[in-house]
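Following this message is one structure expressed as structure tokens.
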Amino acid sequence: MTYSELYSRYTRVWIPDPDEVWRSAELTKDYKDGDESLQLRLEDDTILDYPIDVQNNQVPFLRNPDILVGENDLTALSHLHEPAVLHNLKVRFLESNHIYTYCGIVLVAINPYEQLPIYGQDVIYAYSGQNMGDMDPHIFAVAEEAYKQMARDEKNQSIIVSGESGAGKTVSAKYAMRYFATVGGSASDTNIEEKVLASSPIMEAIGNAKTTRNDNSSRFGKYIEIGFDKKYHIIGANMRTYLLEKSRVVFQADDERNYHIFYQLCAAASLPEFKELALTCAEDFFYTAHGGNTTIEGVDDAEDFEKTRQALTLLGVRESHQISIFKIIASILHLGSVEIQAERDGDSCSISPQDEHLSNFCRLLGIEHSQMEHWLCHRKLVTTSETYVKTMSLQQVVNARNALAKHIYAQLFSWIVEHINKALQTSLKQHSFIGVLDIYGFETFEINSFEQFCINYANEKLQQQFNSHVFKLEQEEYMKEQIPWTLIDFYDNQPCIDLIEAKLGILDLLDEECKVPKGTDQNWAQKLYERHSNSQHFQKPRMSNTAFIVIHFADKVEYLSDGFLEKNRDTVYEEQINILKASKFPLVADLFRDDEDSVPATNTAKSRSSSKINVRSSRPLMKAPNKEHKKSVGYQFRTSLNLLMETLNATTPHYVRCIKPNDEKLPFHFDPKRAVQQLRACGVLETIRISAAGYPSRWTYHDFFNRYRVLMKKRELANTTDKKNICKSVLESLIKDPDKFQFGRTKIFFRAGQVAYLEKLRADKFREATIMIQKTVRGWLQRVKYRRLRAATLTLQRFCRGYLARRLTEHLRRTRAAIVFQKQYRMLKARRAYCRVRRAAVIIQSYTRGHVCTQKLPPVLTEHKATIIQKYARGWMARRHFQRQRDAAIVIQCAFRRLKARQALKALKIEARSAEHLKRLNVGMENKVVQLQRKIDDQNKEFKTLSEQLSAVTSTHAMEVEKLKKELARYQQNQEADPSLQLQEEVQSLRTELQKAHSERRVLEDAHNRENGELRKRVADLEHENALLKDEKEHLNHQILRQSKAESSQSSVEENLLIKKELEEERSRYQNLVKEYSQLEQRYENLRDEQQTPGHRKNPSNQSSLESDSNYPSISTSEIGDTEDALQQVEEIGIEKAAMDMTVFLKLQKRVRELEQERKKLQVQLEKEQQDSKKVQVEQQNNGLDVDQDADIAYNSLKRQELESENKKLKNDLNERWKAVADQAMQDNSTHSSPDSYSLLLNQLKLANEELEVRKEEVLILRTQIMNADQRRLSGKNMEPNINARTSWPNSEKHVDQEDAIEAYHGVCQTNSQTEDWGYLNEDGELGLAYQGLKQVARLLEAQLQAQNLKHEEEVEHLKAQVEAMKEEMDKQQQTFCQTLLLSPEAQVEFGVQQEISRLTNENLDFKELVEKLEKNEKKLKKQLKIYMKKVQDLEAAQALAQSDRRHHELTRQVTVQRKEKDFQGMLEYHKEDEALLIRNLVTDLKPQMLSGTVPCLPAYILYMCIRHADYTNDDLKVHSLLSSTINGIKKVLKKHNEDFEMTSFWLSNTCRLLHCLKQYSGDEGFMTQNTAKQNEHCLKNFDLTEYRQVLSDLSIQIYQQLIKIAEGLLQPMIVSAMLENESIQGLSGVRPTGYRKRSSSMVDGENSYCLEAIIRQMNFFHTVLCDQGLDPEIILQVFKQLFYMINAVTLNNLLLRKDACSWSTGMQLRYNISQLEEWLRGKNLQQSGAVQTMEPLIQAAQLLQLKKKTQEDAEAICSLCTSLSTQQIVKILNLYTPLNGFEERVTVSFIRTIQAQLQERSDPQQLLLDSKHMFPVLFPFNPSALTMDSIHIPACLNLEFLNEV
């Protein structure tokens, strides 16, 4: 392609920028051949003419299409160059917050300087087993790739982590080791993975320090080999260290610190155990205060020191050794603070003997003070003939002291590393290993010394190895695809390496100069200039004669030669070392022991003897100092580095390059300049260059065809089956240069930039099609607009014409209406005048006629009143006469009747004294007495009434007589006067009175009318106001009721949810304990299997521990408590079974019981909360009395049954004795002839029998009377309205009735015993008996009446108290109502709600008390019923025994009785020795296929029938042994078939059925509600197997968890492929370019690809097996709920970790797949299982991928819809969202920030991924069987002939 084709208008390019390194621009016009510049538009819309040089290829870099921006693999970019790489990393880091990016085989990790939630266990499990290219870049993906290649290729692996200080190397290496520790955890309980992780805090403490660039910088390199066995479990580890920066011990730059351990020890100096160290704060010591800053922000040195100590303890370092280590570290601090004083001559110096620090140094190391004081200031010179002791200058002494301190620390460092390696070693054979190399990256500072030189030398070696490995992989890919390839020219840094390590190279010359006695750094620098001045990688600075420049692969570095010789020699004087060797502390002496045969700290030959690579020590053996053969530091480092490279070359390397984004340690801040420097230094750009030199872009033929089919012509698409030839023909027509692409076996290979060119052609094609579509659409829109305008114009015309017509019509109507109005008005005016004249005439006539009538009225009125007066006077006189006569007659009648009554009473009293009357009235006498008494009372009352009436009449009569006399006298006086004058006066007075009355009447009428109107108006107002108040009151009441109902329902719902949640959590914790126990049990068995040897015998301690623990509790009613029984039990069970009885299980069992009790309490509480309070109130009001009545009736019936049973027993005994006496009499008559004694005894017995019958009748009579009285009292109580009084009476009544009945019974008995005293009254004594009975009855009735009166008085008082209480309550309510009226409406509602809540609370408390009382009464009655039932059974047994004895006495000869064959009772009998055979045939060797066509869960039924027979025979040991053997047998079967779904489901269903049988037939009433009478006969009689039910429940939980694990293992490989990758809807998924990861070794050819139908088929298999095995439907629902949760978790986790899966088409595919799974659930009737709810997060994620993501409304819709997704998950999906084509926009950063702002109030968990290992707690609901035990038949295929049916 020409430049004119590439650089056309709208093409975007990169140009250099001094601030941002690279800047984006866009061409404003096409480039033409010959142009010397490009016209560019920058991002700020400025126009720039950019000069170019086409001849020298100096043109700006092309920018990749937007669809490629943000790729997780840099090699997937079409244009591979520095600005593209930098921009892609910046976009991923800043916009998507992705810190990991692939660059071919390299993982680029950018330090975020912030804690991210992407390293948890859930993330580890998500990456485990996944291909490296399938998931988002992560350190876990690299670790998984290494682990997978180690297992697949059986080759050792290495992970090389590099980067400059502060880039995150140590953290990355730590997470890689954590991944291996989690995924490859040790199979045995050795905690080796914990020890590997525990080494990190130790090495950080002694090898890390604060620098200017990093607060936790590793100042040494380390290579950790993690060893694996053949099963790829971690068995051990080994560590090798490189180039510890010893100079930091004695010197630190400004704002830097020494190693962390020094400051940690100073922070803990106040602890009691460290008092002898004599330490103070770090500022007081020279070695720790040199940098100026002794603290790190956010770091607690004391806390870190405690972690270091814990890690040392975990790795087996004894406490004494730890103290010794801390003493050595403290001694180094004291040594650095020793004051050295120079003498006057300047050639010598001295140390004060009283120097405190030197004394502490010698004391802590256990050496001689004087010797160390001397040899610190002197040195020994040895010649061939003599030995000299020479003084040293101050500078020499300081250097010697510093060298000694560095040497001590280095030796201690090596000793600690050696000890860590010993702790991580194992005796098992190592099969392979994975090495993690955490080594310093390329470094360059203003002043670079020996350390930087060694570091950069190591990076040169690693870069060489890296380049060769990348080149090798690139060539392998070409050879695999069978395409021609040429040698790629890549940078080879071997010349630079030769400059450093070759003969007479820099290191060789340095060693030679060190051997010269007078060698100096300046001489060495001159030799370098002379020797290597012509080398292309060596330069001499212009302004310096002591520095030199080495051109490394990353950059030029200038080294200052000062200090090279001293650091390379690392001189320590022999005399000082000898003093340390003589230390009295073993550890100090051991550090400096000169033993050539000892294993150095980093020697790994023995620990890796089985490894494929024999790696020698990285640190050569230390020889005596100052010897000629002592190796220099440079030589040691070169040797160890060569060994490291040999190890790495023998392994498969994996690279992690850590990038430091900024120097200020700001979170998610990207500095392009610093990033580019590190990209150049770490080899990322070299990887890009190698990839760009070949064919970096690779497409499969299928993907290329789908992506670029728009560029193909119609004739080329005729045959779509041969896609390979179609792609070839298209490419040859589109790209003319055949060198730009190659056709491989399965892929098409493109040169750099070709994919971008194809994308440009594709975009141009779409642009042309878009223009055509726009043209057509615009024309159509214009036509539609014209038609709409024309139609609108016609409509306007039509409406205007219609409007004019309607206006004319309206005018005509108005004119006609005006005429009509005028006519009507004129008529109305004339009518009004006529009506006025007529009304005046009528008024005049009415007044005239009224005046005439007024004149005629007075005479008529006077005559009428006189007539009325006469009428009333005559009537009064007649009535008075009649009343006098009637009163006289009544008095006479009363006197006569009183006389007759007295005579009758006297006769009755005489008659009552006679005996005949008593005899006649012996029955019902008390009723007659009561009737007579009532009659007398009535007569007395009547007499009293009549007497009062008589006196009243007499007094009235006397008053009337006096009044009449007065009137008569007045009348006579009036008659004597003049009658005419009197009449005139009367008439005149009457007239005046009449006028006055008229006037008063008028006034009163007017006032009455006014008041009446006012009152009516006021009444109407009040009625209206009252109606309003009533309506408002009703409305408020309804509102209060609604609010109270809503609040109560809401509170009850919340409480129910809370209780359910607590119950689920408790159940989950319990089942996790069961799971942990099974894991501990498995570990115990594994350890036991490992430790067992052919000659092994248990020691006494083991034997006792095994025999003392018991896994299963005793089941008998009397527990086995002594040691002999326990030993016997162990012997019977067997050693293997007894070995399972562990102390851990007993503790867990105890915990299980406690949790079960808490669960029951919570369940009861939940059931109580779910009851409706109103229903409880109604039921208690309706049934409160019935309960007590039933209790009383039941009590009386039980008493009666007890008396009847005792009576029957006495009667039977009497009959038996009677017959026995008769038999004896017959024998006596045969021998003796004197029957008198027999007849006398017989008569006495007859008399006693008759007396017994009489007593029986009397008891019946009394019982009838008592029951009648009880009924009367109950009926009287039922008439009472109050509920509380009703519920409080029965208990007292029952007590009184019981006492009365007992007293009556004893009284009758006493009466019967005294009947002979009354025998003189008549011949048979019946009269006396009757009289005594009546007397007792009368006493009884009198007592009952007294009790009733007392009770009635109490009830009256109680009712009065209740009435008072009700009055007070009414007053309170009235006051409350008045107060409520004064409040505002809102306050009224709130006040009403509070009052209603308080009332409901009080009522609930009352009801709870009543319920508790009734429950106690019920329990008491149940206990009494059980006692009486037991007595009845005993009586029946005694009667049966007596009858059998009687039959035995009656039989006089032997009779042979034919027995029927007994029916099968549902029990199976077996002998003790057949138990092992039973378990083997029924459990161990049983196959589920053998029971096809039989009853489901047949083994469970058979086992229960065997248990039932053992219970029937009361054999405790047999039941215990059988259940223990069954449980152990099931465990063995499950362990053997731990991957067989069918076998596991078979035993899950049988274990649950056996558990249900033990519940159903346990005899507990709660489990017997659905049993038939026949099934109740099959209940256990002797044993309580409650604790065994708990053991079986735990076993069921374990089996369920194993079943879920098997099912998940079968489903998990299908989920990602079927749910995310397979195209369920064809044609939706687009195709994107793939990166290097998709073609790396992580991809395996021929990987299985699953579709959704595979998951559905697997689900159908699970469902069919579970149903065929007879598993409970409730458990089946829980199984599929768990499986659907796992599908949801795995799919969502992969979606959150895969950028290629977050697209619109994936959302469509997910919705379709989920709908298919929901349809399957409905088809299997599993929609109630809650499985759909578990898929809710995935459903919302699919909807999120399909929603619009632009505006504020879209953000609100997303927040309201995605309620099941956490904030982190929503943001992660939006960050990962990737458009599939160039026409769909990316999600902007501002939109994501808007989502975060709206979701910040959510309290979501800080967990990104779902826990795919989470398991819902399983619940086994009780499911009784309808089968009876006697209907079960055993098939012959089970070989159980030794079982006998009983």
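In case you wondered, yes, glycine gets a Cβ from its N, Cα and C as well.
Per Swiss-Prot, ATP binding site is recorded for GLY163, GLU164, SER165, GLY166, ALA167, GLY168, LYS169, THR170, and the stated evidence type is sequence analysis. Swiss-Prot lists 1100-1120 with the feature compositional bias 'Polar residues'. The domain 'Myosin N-terminal SH3-like' annotation in Swiss-Prot covers 8-60. What Swiss-Prot lists as domain 'Myosin motor' is 69-763, and the listing cites sequence analysis. As annotated by Swiss-Prot, domain 'IQ 1' applies to 767-788, with the evidence given as sequence analysis. Swiss-Prot lists 789-813 with the feature domain 'IQ 2'. What Swiss-Prot records for 814-837 is domain 'IQ 3', and it gives sequence analysis as the kind of evidence. For 838-861, the entry in Swiss-Prot reads domain 'IQ 4', with the evidence type sequence analysis. Annotated domain 'IQ 5' per Swiss-Prot: 862-884, in sequence order. Residues or ranges marked as domain 'IQ 6' by Swiss-Prot: 885-914. What Swiss-Prot lists as domain 'Dilute' is 1524-1801. Residues or ranges marked as region 'Disordered' by Swiss-Prot: 599-629, 1088-1122. Sequence annotations record features per position, and here Swiss-Prot assigns region 'Actin-binding' to 641-663.
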May I ask for the residues of the chain that lie six or more residues beyond the domain 'IQ 4' (838-861) and have a Cβ under 8 Å from a Cβ within it?
991, 994
Say we define neighbours as other CB atoms within 10 Å of the CB. Which of the binding-site residues GLY163, GLY166, GLY168 has the fewest?
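Among the binding-site residues GLY163, GLY166, GLY168, the lowest count of other Cβ atoms within 10 Å belongs to GLY166.
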Among all protein chains shown, how many Cβ atoms are found within 10 Å of the Cβ of GLU164 (ATP binding site), not counting that one?
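The answer is 23 other Cβ atoms.
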Quick one: of SER165, THR170, which of the binding-site residues has the smallest count of other CB atoms within 10 A?
SER165
If we call contact 3 or more Cβ pairs under 8 Å (sequence gap 6 or more), are the domain 'Myosin motor' (69-763) and the domain 'IQ 5' (862-884) touching?
no
What is the number of residues in the domain 'IQ 4' (838-861) that are helix, strand and coil, as DSSP sees it?
24 helix, 0 strand, 0 coil
Run through the Cβ atoms and count how many others sit within 10 Å of the one on ALA167 (ATP binding site).
25
What is the set of residues, excluding GLY163, GLU164, SER165, GLY166, ALA167, GLY168, LYS169, THR170, whose C-beta falls within 8 angstroms of the centroid of the C-beta atoms at the ATP site?
ASN111, ASN214, SER217, SER218, GLY441, CYS658, LYS660
Based on DSSP, name the secondary structure state of GLY163 (ATP binding site): helix, strand or coil.
strand
What residues in the same chain, six or more past the boundaries of the domain 'IQ 5' (862-884), come closer than 8 Å to it by Cβ-Cβ distance?
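Answer is 953, 957, 960, 987, 990.
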Return the residues near LYS169 (ATP binding site) by Cβ distance under 8 Å, restricted to its own chain and a separation of at least 6 in sequence.
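In sequence order, VAL161, SER162, GLY163, SER218, ASP438, ILE439, TYR440, GLY441, CYS658 meet the Cβ cut-off.
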Tally of helix, strand and coil residues over the domain 'IQ 5' (862-884) according to DSSP?
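Across the domain 'IQ 5' (862-884), DSSP assigns the residues as follows: 23 helix, 0 strand, 0 coil.
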Over the domain 'IQ 6' (885-914), what does the predicted model average in pLDDT?
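Per the prediction, mean pLDDT sits at 86 for the domain 'IQ 6' (885-914).
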Taking helix as H, G and I and strand as E and B in DSSP, count the residues of the domain 'IQ 6' (885-914) in helix, strand and coil.
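Helix, strand, coil within the domain 'IQ 6' (885-914): 29 helix, 0 strand, 1 coil.
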Could you break down the residues of the domain 'IQ 2' (789-813) into DSSP helix, strand and coil, giving a count for each?
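Counting residues per DSSP class in the domain 'IQ 2' (789-813), I get 25 helix, 0 strand, 0 coil.
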